[in-house]
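What TrEMBL annotates here:
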type: BINDING; residues: Thr53, Ser54, Tyr55, Tyr56, Gln57, Asp98, Asn147, Gln192, Trp307, Gln308, Leu309, Leu317, Trp339; note: cyanocob(III)alamin binding site
type: DISULFID; residues: Cys66-Cys109; note: disulfide bond
Amino acid sequence: EWPETGRLALYLLGLRATCPLPEPGPQRLLVTWLKYYLEEDWAGSRRHGHPLTSYYQYSLGVLALCVHRKRVREEVIHRLLAAEHHGKFRHAGVSTVDTEAVAALAFTCLERERLVGSRLAGELRAARRRVRRRMVEAQDPDGFFGNVYSTPWAMQVFIATNMCRTQPAYGRAMAALLENLDAFTTAATMAQVLPVLHGRSYLDIASMRCQEEPDTLMPFSAEPPAEMLGNMTVRLVVECPKPRCPQHRLYDRTVPAPAGASLLDVLRAAAMQGPPNFTFVTQDTPQGPFLSRVLGMEARQQQRSYWQLLTAPGTSLQMGVADYRPHDGETLILRLSEW
């Protein structure tokens, strides 16, 4: 089966943060599985020079093991260092801030918890400085590092390295974040931004003193959002590159949907209207539903392909299918792409 590196890493981070009862048996087993996944993640794709999943998931695995104060083989760490040094934390030719940030957090944790020797610790510090410098240089005019969702990851790096008070880029990012908190609607994205709002990073989980944690969790019931009245029409286009698809444009039709509907709702509406029949499949992930198959064509991680979500003429969406809410008259493009 495909390694569950990222999912298990996030679970172990969350488990440590909840201060579980001291029952080391099951937790030790999960840590062992994560170590196994890290090895499988890499060994299965040696000829390609990258993990089977992604450097993002691979970095999450190293970070989770470090937070649990578990040593990893130096070769595992050197793989990440080599990827950073050779600029492999990229997607479609563009540097990915979230991957760089998670790797930098892992580097910082390994050094802080003294899980590596002094020479390797020096290499980790140098890599972390390079990552942090690139983040500052890549900050956009709106204050985001990459986009609204990768910004909390980058800010955690500044917090973990005690640079948030002295780095002006951090203040600009915080201002941008506070103006866009309504973008964080899933449990996974909320989990990334909440520590930042309290001046913390995931590295603070490692130093929690669980016996002193008060039981302050209170149930919260939010009022359901007011329903938006009316309807809208969205143009839905499905594209597949040549030569795989000689026709290139596989679907092009207007789809009526309720005002305020998500992109996922629009896809469901398209599947109901036919012909031509529109079909799609999603997979559940920690970040919400992931579009895996459209019109019978599957995006496969082994082939480094995915269904890219765009709004015409070619702006990539920064949200998933369940989060993005199109507006009336908008053209949405589902494009089978490689990464």
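Cβ atoms are placed via backbone N, Cα and C, with glycine included.
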Under 8 Å by Cβ from Trp307 (cyanocob(III)alamin binding site), counting only residues of that chain that are 6 or more apart: Leu291, Ser292, Val294, Ala299, Leu334, Arg335, Leu336, Ser337
Residue pair Cys66 (disulfide bond), Thr53 (cyanocob(III)alamin binding site) - Cα distance, angstrom, rounded: 20
Cα separation, Cys109 (disulfide bond) to Tyr55 (cyanocob(III)alamin binding site) (Å, whole number): 17
Cβ-Cβ distance under 8 Å to Cys109 (disulfide bond), same chain, at least six residues away: Leu63, Cys66, Val67, Leu115, Ala160, Leu203, Ala206
Fewest-neighbour residue among binding-site residues, criterion Cβ within 10 Å, set Thr53, Gln57, Asn147: Asn147
Most Cβ neighbours inside 10 Å, all chains, among the recorded positions Cys66, Leu309: Cys66
All-chain count of other Cβ atoms within 10 Å of Tyr55 (cyanocob(III)alamin binding site): 23
